[in-house]
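Features reported for this protein in Swiss-Prot:
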DOMAIN    6-249  domain 'ABC transporter'
BINDING   Gly38, Thr39, Ser40, Gly41, Ala42, Gly43, Lys44, Ser45  ATP binding site
REGION    278-341  region 'Disordered'
COMPBIAS  307-320  compositional bias 'Basic and acidic residues'
COMPBIAS  327-341  compositional bias 'Basic and acidic residues'
Amino acid sequence: MKDVALQLKNVGKSYGNKVVLESIDFEVRHGSMVALLGTSGAGKSTLFRCLTGLEPIDSGSIVALGESIHELSPARLRAVRGQIGFVFQQLHLVKRFSALENVLGARLAEMPIWRVTLKSFSRADKVLAFECLDRVGMLDYANTPTQLLSGGQQQRIAIARALAQKPKIIIADEPVSSLDPLTARSVLQTLKAAATDLNVAVLCSLHQVDLAREFGDRIVGMRDGRVVFDGTPAEFTDERVHALYQVPAGKMHQRPRATRSTRWPVWLWHEGRSDDHIHTPHTRAAPGHRTALAPERALQRQTSAGADRRHGAVVRDRTTHRNGPHGGHDGTGRGQDRGPG
């Protein structure tokens, strides 16, 4: 039996006369991923604010790593939060910073991220950041300004930043709500790998039933501020889906998804392309050229390239970043494809 990392016991929360959370009970164990489902207004966002300690609770307790977070002193609460990685729908990445710099920001909890430079970090911190980028498949983009990355890639950077804290718990609030299906699965695979490979307890809120069934070790369903289902994906039958959402289960996947990728023709998805391919960064190397480096080698390259220049901004390879963010060459001798139209 895996140890319990996060446990909610009879949690209640009200705003005036309006009850938002009532008798919430469930737990998340180390090495497992719990998918939290619910309709809009079910209380998921309020619950996540309570989990961060930003909102007080009216009754019950939230126990993280053996400590009730709403009974801790501010100093002790900061220490417990340091062992919890948060991934929010609003990523709070510094867009002008590189992917590497955003991940390194997690290593300096007491310093505002806009004051961070590469000189602020030890060699061990830099190696850890490269390892986290490698784990989420973003090592090739360590030097890339975050504003040039697609939504799915930015989400992976946020996960890498959470992993850089060496967390025992990861709490992800709607991490794939604005992503296309292929990219959403890729991001959830990254979170699932953190649970299985690093023994991290992952709590992830979702809207998509199929994704919850595919990636969750357990599913918790909320409606009207209460937990109405807590069980395995196999137990989450179509009848239980109907009971949770109060609509016929067969209609669940027919809702149109309004994402920023819907302006692209449908054939992009039929060919298996994801959001990452639509918004290709301009630091991708020529076909067949391996740019991924082992963390130690990548760090050596950073150091030799003078990575501490310009307030810590990472110096990019001139051969792969020639003509700015909107066109020109990508290092292959060909122009960038901006998509149809």
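The backbone N, Cα and C atoms fix where each Cβ goes, glycine too.
Fair warning: this is a prediction, and the values are worked out from it, not measured in the lab.
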Other CB atoms within 10 A, centred on Ser45 (ATP binding site): 17
Candidates Gly38, Gly41: member of the binding-site residues with the richest Cβ shell (10 Å): Gly38
For the ATP site built from Gly38, Thr39, Ser40, Gly41, Ala42, Gly43, Lys44, Ser45, further residues of that chain with CB within 8 A of the site's CB center: Met222, Arg223
Cβ neighbour count within 10 Å of Gly43 (ATP binding site): 23
Ser45 (ATP binding site) - helix vs strand vs coil (DSSP): helix
Nonlocal residues around Lys44 (ATP binding site), in sequence order (Cβ under 8 Å, 6 or more apart): Leu36, Gly38, Asp173, Ser205, Met222
Tertiary neighbours of Ala42 (ATP binding site) (same chain, Cβ under 8 Å, six or more apart): Met222, Arg223, Asp224, Gly225
Surrounding CB atoms that lie within 10 Å of the CB of Ser40 (ATP binding site), all protein chains: 7
Secondary-structure category, per DSSP, in which Thr39 (ATP binding site) falls: coil
For the domain 'ABC transporter' (6-249), the mean pLDDT of the predicted model: 88
